Amino acid sequence: MEKEPSSSSDVSASHVGRVRNRRRANEVTTDGNKANGPTLLVSDRNKYKSMLIRTYSTVWMIGGFAFLVYMGHLYIWAMVVVIQIFMATELFNLLRKSSEEKQLPGFRLLNWHFFFTAMLFTYGRFLSRELVNTVSSDHLLYKLVSGLIKYQMFICYFLYISGFVWFILTLKKKTYKYQFKQYAWTHMILLTVFAQSSFTVANIFEGMFWFLLPASLIVINDIAAYLFGFFLGRTPLIKLSPKKTWEGFIGASVTTIISAFLLANVMGRFQWFTCPRKDLSTGWLQCDPGPMFKPEHYYLGDWAPNWFPWKEVFLMPVQWHALALGLFASIIAPFGGFFASGFKRAFKIKDFGDSIPGHGGITDRMDCQMVMAVFAYIYHQSFISPHNFSVDAILDQILRNLTYEEQRNLYEQLGEMLGNLCKADKLAACL
């Protein structure tokens, strides 16, 4: 064959170049959009369908949550346990390989052994006082529970070591890497998911207010960010989550902080929310709300403009603390969602599950809640809970460390001491 002239080959090459560089209609539109700025999220029709599904699921979740709040602390604790089990299931399945599992029958049970050991240890520490108070009327059951609580740490350690030995004995050739990866993955789940979410239960029994307000602020922030971003979103916020926008972030922050200040005033009026639960019963609560929930008078005077109808207001001290919770829920807690987004990108998945239509899995809804629960607990212990020794704290140590006979001996000695004081000083309280 004869070689074609170079001029024709140049023309052909240039023609191919023009064909390859030719833009399609949709590409031209995209460039035009880039020139005019990002399009509003409302321009995507699919967003409306997604919004309806998401709204429907949200209404059902809020309704079910409100029902559990009405039922009481014990039911909310049960809800948290169910959520933890669902989250663990979703995360355990994330690295599961069926080909490897077939060679390791029963290996999956080891994950749940560590999970329920962690549950026994965590809730045994958080709820020991409530458990003892529940069975105090039954002498035999009281002695049994007191003994279990006294040796709870040893029992949990023995269970953990048995799981460790179980893991070593199940190691098989050609699956070492997979098994050690599962071992590390299980411990990471217990540390980052179970341990953090367990602080929620501690908040519940400190007073439902300290659980309900932080959880509500996360829900409000999530809904507000979605709505502001849906209708006004133009500027991307972070690459890890392309649908998040600055407009949604700022709008949600303002909404959450205002909501925190107002909701604290509303929730602080109900003893069902403010009273701590000292046992595992479900009856109604009555207590002294304490100075944190008692309204204080503020005279605005010249600070208020002439058109403002109120010259004096009554605010609870807890409302100022609620502002701190609102700031954290709107600025820091969303980074739990960003962490989850980066995590999903690393594993190339859209959602952790599909149990909630329009939302994904349980883990997708709880990422920010876990971060918020830890902060609410630490904030309460640091700035709200009294730091001096209280009657409840002393009783907790007595119940945890003394046997039934030692407690009875202590009770008799205290009775003798009070009797001597009454005889010597003639105290009015003894009369």
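Keep in mind that glycine also has a Cβ here, set from the backbone N, Cα and C atoms.
What TrEMBL records for 51-70 (among others) is transmembrane segment.
Taken from TrEMBL, the feature transmembrane segment covers 76-95 (among others).
Per TrEMBL, transmembrane segment is recorded for 107-128 (among others).
Residues or ranges marked as transmembrane segment in TrEMBL: 148-171 (among others).
What TrEMBL lists as transmembrane segment is 183-205 (among others).
For 211-233 (among others), the entry in TrEMBL reads transmembrane segment.
As annotated by TrEMBL, transmembrane segment applies to 245-264 (among others).
Marked as transmembrane segment by TrEMBL: 318-340 (among others).
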*Long-range environment of the transmembrane segment (51-70) - Cβ separation under 8 angstroms, sequence gap at least 6*: 76, 79, 208, 212, 219, 223, 226, 230, 356-359, 365
*CB contact flag for the transmembrane segment (318-340) and the transmembrane segment (211-233), at least three pairs under 8 A*: yes
_So if I exclude everything within five residues of the ends of the transmembrane segment (245-264), which remaining residues of that chain have a CB under 8 angstroms from its CBs? That is, six or more out._
41, 213, 216-217, 220-222, 224-230, 232-237, 316, 318-319, 321-323, 325-327, 329-331, 334
*For the transmembrane segment (211-233), what are the same-chain contacts with Cβ under 8 Å, counting residues 6+ beyond its ends?*
40-42, 47, 51, 54, 58, 62, 69, 76, 200, 203-204, 243-245, 247-253, 255-256, 259-260, 263-264, 267, 273, 322, 325-326, 329-330, 333-334, 368-369, 372-373, 375-376
